[in-house]
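Presented below is the structure to which this report refers.
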């Protein structure tokens, strides 16, 4: 607004030839004041009427809702990922004031910010939430968050949902998909506007490893049945966690994984990949970029569908051979990411355990493990 | 003992690739700061190993995610202390778009992903009036350095097709001449490019290319320009303004112009000489720029730097998905600073008075 005033004042002053003193009589000041007020109100009206608009309609729901349950049809769907990105580029941003990025001053010099295939690694200080929020908000993106609360794990839901309400995708539309075998035990947590809880009843399994691995199958099946019609992005996380700081649209991308907090500084030979060639999840010692955590991954519905399908099939093939990967579905996820590089990677800020202490490089700890008694909780 | 361990795993492909790597050292990519920090900064075997199988990446293909690249090349990289890292420059914008500098990307990795897609990349360049004299050098250098190994279509827009030299082209590459009208003023010629590109996409190039780059003709390639530049919508950072405060950017500052950007706003000053991206995006972009140019015309105003001002306005309100560093659009009259390790594409010295109008 003040720019308008200055512009108006300047254009008025330019008309005058003499100096200021003695030239600005009371009458002149009165005229200037009124004109400024007029400019101000014009400017305000102009700005509000000339607001932002979307050039392209959101294509996702219209193409997806005509989709049938058939797997083949699902494959033939036009990839939502490129539509999403194309839509992103039609966004016209409103006026925003922020410090200019500096070419000779990287935002962080203590950590790797981008992979050699141009996937950003998201750390605090590398992104501007205002710009990103505006881009996603205008597209009215809905984010699905999947979480599995099987058997005694329902106890984690309250804290999980409460903290998610405070920190996860604030200001955007969110669907929490709670996969549980005990739907009546899902707590009723007050939700903000535009956010819903969807309880999905699923079967449980006797072993916790089995429960963990079956998540791939369940996410895959629901991606096709529901997510494709309801959300643009799916985020899959562990339930025995709490949000502690902002986890927003900066994480969203076609396909993203999170750096496992225990291995971000390790050499690839020490990554706990599955090392038995008999397993589908096998990764040789000389391969692999990062060790990703099984507890936080996601992407567009299509990409999550493809990832979970591949992982589930691999898990089943292993089962047929009587082999179980060393870290269950996390091993299969890591295998997938070696050959299907993610388009964005989240730093360990996005999955941390306070038992590991603090790190200089972690300016924020956004998603933390909740202490639990393994013996009491698992297999019960 | 490490060698023995690795010998067991498909030794021959691994060995041949490793030999290839040993033969071509990459001193510039190694991060001096990393080697001290205990990272794999040195030329260790583990850092150079590579025999990852085929892979693909969803967004990398900007819409071709169904395809699986064939072939076995893929270069794995050491984890945290990557050899592909720059500490001296910004490599990510605040909206998480990559900024392409030498040392931030792995060409082999990217080629292994893009080559199997059978892409065709288009290049538009305008050679009007005396500017036809630049075509020869432009195309000759592009043949050696631009998207080597890929299918390329050059579209040379000119008012005088007769004088365009016939340059010998590599297989898979073609050159077509697009006749256009010559306007009387060089500024008009410059600004009408948006309209011409837009029309040409609609009529011709949408059938022929997947990506399109719009480049100035009075330039020459000096170093490789590859698929690291491909993106949905790509802008290049102007070499003259990457290190100055935004108030000094030569944006159009008159609020009556459709290209107006106030002092307090702006991320970068982008060069009008280089922009590109997916065909659909370039179509929308040129349409939008041409609209604002026409709006100004109707108001009797011409922006400070013609279509470059409009380009900057558009990129400010619709942020590009990838940025090219000034390596990709350099001014040969400027001394090369340390942060610019390679000059890939830069101006040809010319006498403006002689060739304009």
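The backbone N, Cα and C atoms fix where each Cβ goes, and this holds for glycine too.
In TrEMBL, annotation is done automatically, which means it is predicted and not curated.
Taken from TrEMBL, the feature active site, nucleophile applies to B:308. In three-state terms derived from DSSP, residue B:308 (active site, nucleophile) belongs to a helical segment. The Cβ of residue B:308 (active site, nucleophile) lies under 8 Å from the Cβ of B:270, B:271, B:272, each of these being in the same chain and 6 or more residues away along the sequence.
DSSP assigns residue B:216 (UDP-N-acetyl-alpha-D-galactosamine binding site) to coil, not to a helix or a strand. Proximity of residue B:216 (UDP-N-acetyl-alpha-D-galactosamine binding site) to non-local residues of its own chain (separation of 6 or more, Cβ distance below 8 Å) is seen for B:125, B:126, B:272, B:273, B:274, given in sequence order. Per TrEMBL, UDP-N-acetyl-alpha-D-galactosamine binding site is recorded for B:126, B:127, B:128, B:131, B:216, B:217, B:218.
Per TrEMBL, the feature Mn(2+) binding site maps to B:216, B:218.
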Neighbour count (Cβ, 10 Å) for residue B:217 (UDP-N-acetyl-alpha-D-galactosamine binding site): 22
Other same-chain residues whose Cβ falls within 8 Å of the Cβ centroid of B:126, B:127, B:128, B:131, B:216, B:217, B:218, the recorded UDP-N-acetyl-alpha-D-galactosamine site, in sequence order: B:125, B:132, B:134, B:135
Whole-number Å value of the largest CA-CA distance among B:126, B:127, B:128, B:131, B:216, B:217, B:218, listed as UDP-N-acetyl-alpha-D-galactosamine-binding: 11
Chain A, Cβ under 8 Å: which of the binding-site residues B:126, B:128, B:131, B:216, B:218 qualify: none
Cβ contacts of residue B:127 (UDP-N-acetyl-alpha-D-galactosamine binding site) (under 8 Å, same chain, 6 or more positions away): B:134, B:135, B:156, B:157, B:158, B:164, B:217
Three-state secondary structure, which DSSP defines for residue B:128 (UDP-N-acetyl-alpha-D-galactosamine binding site): coil
